[in-house]
Each structure stands twice: as C-alpha cells, then as structure tokens.
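Per TrEMBL, the features are:
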type	residues	note
REGION	1-33	region 'Disordered'
COMPBIAS	1-10	compositional bias 'Polar residues'
BINDING	Asn64, Asp164, Thr185, Lys186, Gly194, Lys195, Phe196, Gly197, Leu198, Gly199, Ala200, Lys201, Lys520	ATP binding site
DOMAIN	402-561	domain 'DNA topoisomerase VI subunit B transducer'
Amino acid sequence: MDGDGSSESPIETKKAKSKTPRKPKETILKQKSPAEFFAENKNIAGFDNPGKSLYTTVRELVENSLDSAESISELPVVEITIEEIGKSKFNSMIGLVDRERVDAALYDDYETEKAREKRLAKEARAQEMQAKNAALGKKVKDTPASKAIKGRGEASFYRVTCKDNGKGMPHDDIPNMFGRVLSGTKYGLKQTRGKFGLGAKMALIWSKMSTGLPIEITSSMKNQNYVSFCRLDIDIHKNIPHVHLHEKRENKEHWRGAEIQVVIEGNWTTYRSKILHYMRQMAVITPYAQFLFKFVSDAPDKNVSIRFARRTDVMPPIPMETKHHPSSVDLLLIKRLIAETSKQNLLQFLQHEFVNISKSYAERLIGEMGPDFGSKMTVKSLTSQQLVRIHQLLRQAKFDDPSGHCLSPAGEYNLRLGIIKELHPDMVATYSGSAQVFEGHPFIVEAGVSVGGKNVKQGLNIFRFANRIPLLFEQGADVVTRTAHKRINWSSYKINQMQDKIGVFVSIVSTKIPFKGTGKEYIGDDITEIASAVKYAIQQCCVQLKSKIVKKMHAREQQERKRNLSRYIPDASGAVYNVLKEMTQLHASKKIRYGDDDAELLSKVSENLITKETLCEKLSKHVEQVYSLALCVKVS
C-alpha cells in the first residue's frame with residue numbers, strides 16, 4: 001500500500017501490460033541468389049513434381065548433348081539411361097542404415113483398424129456381387145486388386161546418365177558450367193534449344209533438394225590425352241559450385257565427349273509415356289542423330305531398351321549469332337549495347353551494332369534525332385534523355401526485315417525422313433516456308449502432314465516443335481493445335497478429320513520463340529504473323545496430299561471398274577464363242593455366205609484354233625491394256 005492509500009491489484013497490472021502496443025520488428029533487406037530463386041520457383045523451369053522433374057532432366061541432358069555434337073558438325077550419338085534405385089540401395093549410397101518401424105501409427109500410410117474393416121467389408125460386397133452376376137450368367141469383371149496405401153514420404157529415386165560424342169568441356173570451366181546458375185555460352189542472340197539457359201544446372205538443384213547427392217561429370221575434348229572428372233554440387237544461397245573432386249584421368253581410349261550422371265527423385269510410372277514420346281519426337285526432328293534409351297530396374301519386366309537409328313547424314317547448318325534488329329530493342333538493351341560496344345561515335349554504333357542500318361541510313365536517323373545529336377558524338381556520353389530519343393526513333397522508323405540466314409531449320413528433307421522413319425505413313429507431304437518477321441525477330445515455319453501409319457490414332461495427331469525441340473505439354477492453347485482444329489477445312493482436301501489417321505507436324509525456329517505460360521510449353525495464338533504462317537504451311541502440305549489422294553482414288557476407281565469388267569469376261573467369251581459356232585455351222589451348210597475375213601475367222605473356230613479359252617485370254621489382255629493406258633494418262 002502506498003502512502004496516499006491507493007493500491008493496484010496484480011490482475012489490473014497484467015491487463016494494463018497486455019494493452020501496451022508491440023514494437024514492429026525492424027525490416028531487414030534480403031537478397032536471393034539466382035540459384036535460390038529457381039530452387040524456390042522450380043516449376044518455372046519444368047520441375048513441378050517428381051515425375052515432371054525426371055522428364056525435364058532427361059530433356060535438358062539430351063538437348064545439351066545434341067548442341068554439343070552439332071557445334072562441331074559431328075553426327076550426334078546420344079545414350080540416355082534411367083536406373084531405378086530402391087530405398088535400401090539409396091540409403092546405402094548416402095550412408096544411411098535401414099531402420100524398421102517402431103511406432104507404425106506414426107506414419108502417413110498407417111491403416112487403422114476401422115479403416116481396415118471398412119476396406120474388407122467393401123471387398124466382401126464386391127465379391128458377393130460378382131458371385132451373383134456369375135450365377136445369373138452375366139459378364140463378370142475381374143476384381144481389382146486392393147491398392148496399397150502410399151505415404152507422402154515414400155519417394156522413388158533414379159540415376160539418370162547421359163553420354164554423348166560432342167566436343168566436351170574445358171577442364172577448368174566445368175565447375176562454373178554446372179554449379180553457377182545463369183552462366184553459360186548460349187546467351188547471344190541466336191536460335192537455341194534451351195528455354196531458360198539453365199540446362200543441367202536445374203537438374204543439379206533438384207538433386208540437391210531431393211537427394212542431396214552431387215552430380216558427376218566426365219568429359220574429354222579433341223586431342224586431349226586426359227579425361228576430366230568432376231563431382232560437385234551447388235551452394236544454393238551463394239550460387240557457386242561446391243566441388244567434391246576435380247581431377248584429370250588417363251584417356252587410354254582417346255574418347256571425346258561428355259557423360260553426366262545425376263541421382264534425383266522422380267516418378268517413372270506416371271511419366272513413362274511422356275519420356276518415350278519425347279524421345280520418339282526427338283528422333284523425328286533429328287533423323288541425323290542416333291539415340292539409345294534404356295530404363296533399368298530390378299524387376300526385369302519393367303526394363304526398356306529402345307534404339308532410334310540414324311536415317312541420314314545430312315545435318316542442318318549451325319545457327320549463327322546475329323545482331324539485334326532496331327525495331328526489337330528496348331531502352332535497357334540500348335544501354336547494355338552502348339556499355340559493351342567498342343565503337344566510339346554514334347554513327348559507328350548504329351551502323352555496326354544493329355542489322356539493316358547502312359551508313360547513309362544511320363546518317364538520316366541521326367539527322368532526324370535533332371540538333372543535339374551528331375555523327376561524331378561519343379556514344380558513351382549520351383544522356384538518359386538522348387537514349388530515350390534514340391529508342392523512340394528506332395521504334396517508329398522503317399527498317400528492312402531481318403533475313404533468316406542466322407536460323408537453322410530442320411529442312412524438308414530431314415523432316416520427311418523423320419516422319420517416315422518413326423510413323424511409316426501411307427503418304428506424307430512437307431513444306432518449308434521462307435523467313436518471316438515478328439517484332440523484329442526472324443522466324444521460319446516448316447510443316448509436314450501424314451496420313452496413315454503405325455502407332456497413330458484416328459483423327460488429328462499434333463506434333464509441335466520449337467527450335468527443333470518437342471513441346472509435349474499445354475497442347476490445347478498452342479497456335480499449331482488451334483490452327484489444325486479450327487482453321488483448316490480438311491474435307492476440302494479429301495481428308496476425313498475424324499476417321500483418317502492424320503499426323504500434323506509443325507516446327508518453328510526463331511531467335512526468339514514467343515512462349516506462353518511459366519513453363520514455356522506452348523506458343524501463343526495471339527501473334528498474327530506466326531498464326532498465318534502456320535496455317536499457310538499446313539495448307540501447302542494439304543494441297544500436295546490432295547493431289548496424291550485424288551490420284552489414289554482415281555486408281556482405286558479404275559481398279560474397281562477393271563475388277564467388275566473382268567468378272568464378266570468368262571460369260572462374254574462363252575456367249576461370243578457360241579455365236580461363232582452357230583455361224584460356222586451355217587457357213588459350212590452354205591446357207592449363209594460370209595466375206596473372206598469372216599470366213600477365215602470361222603475356219604479357225606472350226607479347226608479349234610480359236611476356243612472359248614483363247615477368247616477369254618484375249619479379252620483379259622485387252623481390258624488390262626485399256627485400264628493401264630488410262631491410269632498412265634491420268635497420272636501424267
């Protein structure tokens with residue numbers, strides 16, 4: 001009690017304290033490394049779930065191998081192996097001892113007594129219903145096997161190995177090539193297979209997240225007497241490689257190429273068809289490559305081994321790096337080009353850092369920019385306002401379209417060979433368009449349409465390629481799918497859209513593929529230039545097919561007419577022979593006199609030089625000659 005007689009209870013004191021506002025925590029500015037960003041947003045790079053991660057890993061490794069071999073004009077030989085790793089084997093790899101469950105109810109796949117009774121009762125009712133149906137003579141369906149409950153923590157692991165005959169990698173560059181995200185050799189302006197420039201780096205990040213095991217790289221370059229071996233993982237937070245072992249080994253076999261091995265969590269069961277479909281489509285678009293795909297499991301019946309043989313030695317040209325088209329640049333790109341250029345003045349900069357700007361045209365552009373600009377002014381001294389003016393003029397001025405010489409399409413020859421090799425169609429037509437432009441970027445559309453074939457479903461079967469890689473996901477929104485389904489009148493080309501087995505192949509190559517969606521799995525339908533080019537390419541294939549189909553239909557009709565006519569040849573021959581016989585008898589009895597030619601014919605009949613069989617043979621030859629001639633005239 002205080003001196004003034006007032007007092008405060010402990011409860012009141014506690015309430016008063018609880019009303020005191022809390023001080024907000026001090027905000028700390030954090031920064032993420034590129035590796036950390038992609039680890040947290042792995043779905044962007046196609047690592048949505050274990051199954052998709054296995055598929056994307058295979059895709060990235062195969063495409064890296066193709067790029068490596070093509071860069072030295074070597075016909076690619078790629079071997080890809082997926083080895084299933086059981087739980088016990090995986091635990092031994094990481095040094096973990098298997099442990100039996102002690103508290104079974106602790107696990108996600110634990111089945112309670114009540115749940116077990118409910119399941120058994122359901123199975124008993126199904127068996128009882130099956131017995132009743134059997135007694136009534138109804139068709140009995142096999143009782144499905146009861147599915148085991150799979151827990152969330154029950155993962156499947158796979159060792160993915162990819163070996164190629166490419167150019168290999170420099171020994172000292174290997175750690176940074178695999179252990180540093182957004183570092184590589186494919187960042188110039190040119191046609192590339194990659195979507196993000198991540199390659200095997202994302203597979204390493206997924207391996208780090210799902211298994212914790214490092215990636216192993218073996219590589220050797222031409223005329224190199226050693227093999228580089230590197231075992232490493234990645235420091236996600238610092239975006240730097242963590243090297244476990246990096247050494248040179250003896251190269252006794254004078255081997256050249258690369259072999260990459262990574263252990264990841266995956267799901268072969270759900271993505272088996274996607275992976276095999278990818279390999280098949282890759283064999284279509286690269287018939288000059290040889291692929292050997294293997295899936296190895298402890299269960300022999302699950303093993304898969306498929307060889308996609310090389311069909312041709314003709315390779316497309318290597319894509320060339322090109323300069324930016326003036327109409328495609330933004331303000332940030334102009335600043336970067338100025339920072340990197342070796343040119344001193346504005347005239348040289350415009351003339352040499354962009355395509356389709358000649359010296360005279362560059363002078364006209366500078367004159368249009370205003371009095372503050374001059375041909376000799378130092379490009380590094382341009383102010384922010386002057387850069388904006390340059391950007392505005394480049395966006396508004398008229399420039400010639402860029403040529404497609406920097407692009408490397410598969411080519412009609414290779415596309416046709418690939419379709420024939422993998423689908424064995426009854427007929428196929430291909431078309432390769434000339435270079436066109438969207439937003440300052442050149443692109444080329446190639447198309448193929450096939451009818452018939454093996455392992456082809458009835459209706460439209462769409463095969464999409466972007467920069468010579470297959471696109472398997474989000475097909476419905478793609479420009480190729482929408483064009484084939486909604487903008488092509490198949491019946492006008494004598495093709496039955498519902499009943500015929502139609503393969504539609506469209507390959508688009510460009511220095512910039514306008515992918516849509518976070519995973520970059522389809523090309524949008526909103527770019528008029530590309531949509532029109534795709535439609536025209538498919539139509540050109542259909543025109544070729546229509547000609548073939550009409551000729552085939554005519555040949556079938558002629559064959560049917562010939563068959564119907566040949567059916568009456570024996571009866572017609574018999575009737576003619578009987579008439580000739582009667583005429584012979586009348587001529588012999590001198591009741592009717594015939595001319596010399598007719599008399600000679602009748603004498604041959606009486607001497608059996610002309611019989612019913614000879615008449616039948618002559619008529620058959622005549623019909624054969626007439627319809628063969630008609631078919632030749634129609635074809636010509």
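Cβ atoms are placed via backbone N, Cα and C, with glycine included.
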Looking at the domain 'DNA topoisomerase VI subunit B transducer' (402-561) alone, can you tell me the average pLDDT?
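Looking only at the domain 'DNA topoisomerase VI subunit B transducer' (402-561), pLDDT averages out to 90.
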Only counting partners 6 or more residues apart, tell me which same-chain residues put their Cβ under 8 Å from the Cβ of Leu198 (ATP binding site).
Phe38, Ala45, Glu60, Val181, Leu182
Would you mind checking how many other C-beta atoms are within 10 angstroms of the C-beta on Ala200 (ATP binding site)?
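Other Cβ atoms within 10 Å of Ala200 (ATP binding site): 22.
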Ten-angstrom check, please: count other Cβ atoms within 10 Å of the Cβ of Asn64 (ATP binding site), all chains counted.
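Neighbour count, Cβ to Cβ under the 10 Å cut-off: 21.
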